[in-house]
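According to TrEMBL:
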- 189-201: compositional bias 'Basic and acidic residues' (COMPBIAS)
- 46-171: domain 'MgtC/SapB/SrpB/YhiD N-terminal' (DOMAIN)
- 182-201: region 'Disordered' (REGION)
- 37-59: transmembrane segment (TRANSMEM)
- 71-92: transmembrane segment (TRANSMEM)
- 104-125: transmembrane segment (TRANSMEM)
- 137-156: transmembrane segment (TRANSMEM)
- 162-180: transmembrane segment (TRANSMEM)
Amino acid sequence: MDHGSIGEPGRPEHVVAGQPGLRMQQLFQEFGHPTYVPFPVIAARLLLASIFGAAIGFEREWRNRPAGLRTHILVCVAAATFGILTIEIIHAPMFQQDSVRVDPIRVVEAVTAGVAFLAAGSILFSKGEIHGLTTGAGMWLSGAIGVACGLGLWQVAALGTLLVLVVAGLLYSFAAKSGIGENAGPEKPMSEEDVSKPPKG
């Protein structure tokens with residue numbers, strides 16, 4: 001009886017698939033799985049996301065805010081990773097079937113919701129004042145910049161980072177010196193009492 005050209009004569013094909021040599025070959029193929037976006041491009045996008053996130057986080061770190069350098073880098077790189085995964089999922093063979101539809105907007109919505117959750121955690125209300133609102137907005141925008149990096153939209157990411165630095169840096173100094181706006185006065189870091197005190201209401 002002919003059981004096919006693969007394996008030993010008289011042995012079913014499913015037994016041959018369990019051989020150690022074939023399993024190692026399958027393992028190597030799994031780790032060597034090609035990506036739609038070339039690996040150097042993936043590395044460049046993640047590196048750029050970390051640089052942009054560090055630029056935003058440094059300003060917050062310099063002002064001694066709760067979410068600083070590391071937090072903004074992690075948020076930006078995570079969002080960029082989701083952006084790259086979106087491209088890979090769209091072009092993956094398993095999702096090319098007519099019965100499977102991939103909506104990239106859903107990934108962007110998931111990133112937005114996740115970053116918004118983190119940003120809300122950095123906002124505290126204490127003694128009639130709101131702390132961390134600018135930091136939360138910066139984290140939210142870091143997520144958007146990370147998605148732009150992951151999708152390869154370098155110009156959008158660079159312009160967004162530049163605007164963040166202008167608004168959080170130059171405009172803050174101008175508002176503090178002129179005595180207008182929410183920064184009419186020196187920004188002080190939150191005390192331990194403010195951090196540990198639960199929000200009112």
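Here the Cβ of each residue, glycine as well, is placed from N, Cα and C on the backbone.
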Cβ contacts under 8 Å made by the transmembrane segment (71-92) with residues that lie 6+ beyond its boundaries:
35-37, 42, 45-46, 48-50, 52-54, 56-57, 60, 102, 104, 107-108, 110-111, 115, 118, 138-139, 142-151
Across the domain 'MgtC/SapB/SrpB/YhiD N-terminal' (46-171), what is the average pLDDT of the model, as a whole number?
83
Composition by DSSP (helix, strand, coil) of residues within the domain 'MgtC/SapB/SrpB/YhiD N-terminal' (46-171):
96 helix, 6 strand, 24 coil
